[in-house]
């Protein structure tokens with residue numbers, strides 16, 4: 001065999017090996033120096049001029065980028081899904097809706113809506129490798145759903161920042177010898193304040209004196225009719241300095257994936273050892289059947305599932321869009337060098353484990369998310385039971401039924417731990433990490449949507465400028481929530497801007513994919529991407545169960561609608577109008593854009609325009625040409641290359657050049673070079 005033919009075959013073979021081993025390289029990392037050197041020496045030095053032996057990172061999608069490996073994606077998704085919604089929002093919604101009465105609809109919504117729609121969004125974004133706007137090439141008329149997701153993410157990002165700021169505030173105030181919400185002898189306390197540890201004069205007492213102060217505090221409680229804890233008064237009168245009206249603003253005032261569970265476990269162990277903790281846990285687990293029939297409880301359960309999992313935020317689609325198309329490993333059998341046999345074996349084993357996990361990503365992340373919420377609920381309600389026991393009030397009346405619950409119950413438990421300032425620092429540091437993990441993904445969702453939509457080289461090069469602009473805008477919009485009336489506005493946004501709009505957007509997305517695009521088409525897309533069709537349970541939920549459950553909840557919630565309140569404060573009508581406006585601002589994007597798209601679509605009649613507006617865009621499908629097989633295969637090989645990134649086009653040209661360079665002997669012994677633009681090759 002001529003040397004040039006042998007060399008061309010070797011290069012082509014090694015290129016195929018590189019494509020099949022990119023994922024293994026991400027898994028093996030720094031321990032594969034020889035492996036990287038071999039690949040770079042054999043391929044890159046012949047194709048792009050790289051220095052032999054120099055590691056060159058190559059993503060599957062060189063223009064847009066990919067996750068380094070599957071574990072990175074799973075951990076990021078857990079960090080996105082497990083956030084303040086679990087530790088902060090779930091406990092107060094559960095408390096407001098009767099404890100155990102909230103748990104039943106919560107788990108029903110998780111199984112039949114949360115997990116299926118979570119998987120739907122992940123597969124949707126991964127298949128198209130586009131953000132929450134670009135994916136609607138599947139049916140351009142419904143692109144308003146993507147805009148609705150962006151509006152929802154904007155609202156959530158605004159008030160999410162404020163909750164993180166409160167956690168920062170508590171974090172820095174914990175840097176002291178005595179936590180300021182321990183006793184009732186502070187300027188912000190009222191005569192109704194009753195501390196478990198008595199008053200400040202017992203600060204230097206021994207353990208026996210501390211026990212005496214506990215008894216004295218309990219005796220003092222028995223002589224009062226209205227009682228509040230020091231942590232609650234600190235929250236209301238010092239941190240919030242809350243006004244009496246929503247219009248009264250006053251003055252403007254990888255470790256991350258495991259650390260929260262360590263802190264929650266410490267608080268849980270301490271909480272269940274306190275007197276009265278069992279009463280709080282009973283309240284948490286015992287359903288109040290009269291509330292189970294309340295549509296608002298089901299509505300809150302649905303909104304919490306979508307909120308905590310991140311469904312309809314656009315974040316799941318965005319993160320999944322950075323997955324490699326098949327999201328598993330390819331064969332490594334084409335590596336022929338014996339010295340890499342051990343590396344091949346290890347890589348194949350690791351990839352097999354990841355492939356096993358891969359098909360269960362949505363279930364793992366969803367269950368982890370909701371288990372964290374339930375676990376945090378045990379911590380909160382054990383503390384509420386203790387507070388109710390010593391304040392001599394029912395568990396349902398021991399604290400505010402609002403978003404400040406976490407900043408009342410958790411700090412109360414922290415004062416009962418030894419070296420309480422240290423544990424307070426760790427706890428609020430945990431809240432900060434949880435909040436920032438989700439906030440980063442919210443920011444990336446908005447930025448990715450803008451960059452993908454514009455798609456120019458300038459916007460891609462200046463993505464940092466777009467990120468900074470979005471961050472500054474979010475900061476300025478969040479400033480009003482730091483006023484004395486800020487807690488009212490935060491609750492208003494949480495109940496309207498990020499509640500039923502999430503449910504509506506998810507329902508419309510599900511209907512569009514299953515019935516407009518076609519369930520058979522989508523099931524084939526998933527099978528082409530993953531190598532197996534969606535499980536039967538997901539198919540049934542996507543087509544029937546999830547849309548029906550969501551529709552019934554929405555209908556009965558409208559029928560049984562009750563205006564929002566914050567404890568005894570009733571929101572005025574003008575504030576409710578603002579709340580409905582925020583809720584509709586995300587949903588209204590869907591019909592407005594649909595009408596716009598229909599008006600711009602070709603057709604002589606409305607029916608023809610509607611049909612053309614619903615039809616998939618010609619560019620819908622896998623982002624990279626090598627994945628566009630079957631019904632996505634291009635009709636003309638040369639014409640379809642123009643839309644590809646420059647780097648990928650160069651790689652295709654190099655590979656084609658290597659293949660063409662093989663000489664073909666004709667029947668008369670002459671060399672056939674009519675397809676070769678450079679015969680001398």
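Glycine is treated like the rest: Cβ placed from N, Cα and C.
Remember, predicted model here, so these are calculated numbers, not experimental data.
Per TrEMBL, the feature compositional bias 'Basic and acidic residues' maps to 641-660.
The compositional bias 'Polar residues' annotation in TrEMBL covers 662-681.
Look at TrEMBL and you will find 184-193 tagged as disulfide bond. Around residue 184 (disulfide bond), taking its Cβ as the centre, 24 other Cβ atoms fall within 10 Å, counting all chains.
Feature annotation from TrEMBL assigns region 'Disordered' to 634-681.
The transmembrane segment annotation in TrEMBL covers 103-124 (among others).
What TrEMBL records for 145-172 (among others) is transmembrane segment.
Feature annotation from TrEMBL assigns transmembrane segment to 252-272 (among others).
Listed as Cβ neighbours of the transmembrane segment (363-388) (distance under 8 Å, sequence separation of 6 or more from its ends, same chain) are residues 74, 77-78, 81-82, 85-87, 90-91, 94-95, 99, 103, 106-107, 110, 114-115, 118-119, 229, 260-261, 264, 267-268, 271-272, 274-284, 304-305, 308-309, 357, 394-395, 397-399, 405-406, 409-410, 412-413. Here TrEMBL flags 363-388 (among others) as transmembrane segment.
TrEMBL lists 422-443 (among others) with the feature transmembrane segment.
TrEMBL lists 464-490 (among others) with the feature transmembrane segment.
Same-chain residues lying 6 or more positions outside the transmembrane segment (496-519) and placing a CB less than 8 Å from one of its CB atoms are 113, 117, 120-121, 124, 138-139, 141-142, 145, 148-149, 152, 155-156, 299-300, 302-303, 306-307, 311-313, 539, 542-543, 546-547, 550-551, 553-554, 557, 564, 579-580, 582-587, 590, 614, 616. Feature annotation from TrEMBL assigns transmembrane segment to 496-519 (among others).
Taken from TrEMBL, the feature transmembrane segment covers 540-562 (among others). Outside the transmembrane segment (540-562) by six or more residues, the chain places 108-109, 112-113, 116-117, 120, 294-296, 298-299, 302, 500, 503-504, 506-507, 510-511, 513-514, 519, 534 with a CB less than 8 A from a CB of the stretch.
Long-range neighbours of the transmembrane segment (574-596) within the same chain, counting only residues 6 or more positions beyond its ends whose Cβ lies under 8 Å from a Cβ of the stretch, are 141-145, 147-149, 151-152, 155, 246-247, 488, 492-493, 495-497, 499-501, 504-505, 508, 563-564, 613. According to TrEMBL, the feature transmembrane segment maps to 574-596 (among others).
When each of 103-124, 145-172, 464-490 is scored by its Cβ pairs under 8 Å to the transmembrane segment (422-443), the top-ranked stretch turns out to be 145-172. In sequence order, 184, 227, 228, 229, 230, 233 constitute the residues six or more apart from residue 193 (disulfide bond) in its chain with CB-CB distances below 8 Å. Remote same-chain residues near the transmembrane segment (103-124) are listed as 94, 135, 138, 284-285, 287, 292, 297-298, 301-302, 304-306, 309, 311, 316-317, 320, 361-363, 365-367, 370, 374, 506, 509-510, 513, 525-526, 529-530, 534, 537-538, 541-542, 545-546, 549-550 (criterion: CB distance under 8 Å, separation of at least six residues from the stretch ends).
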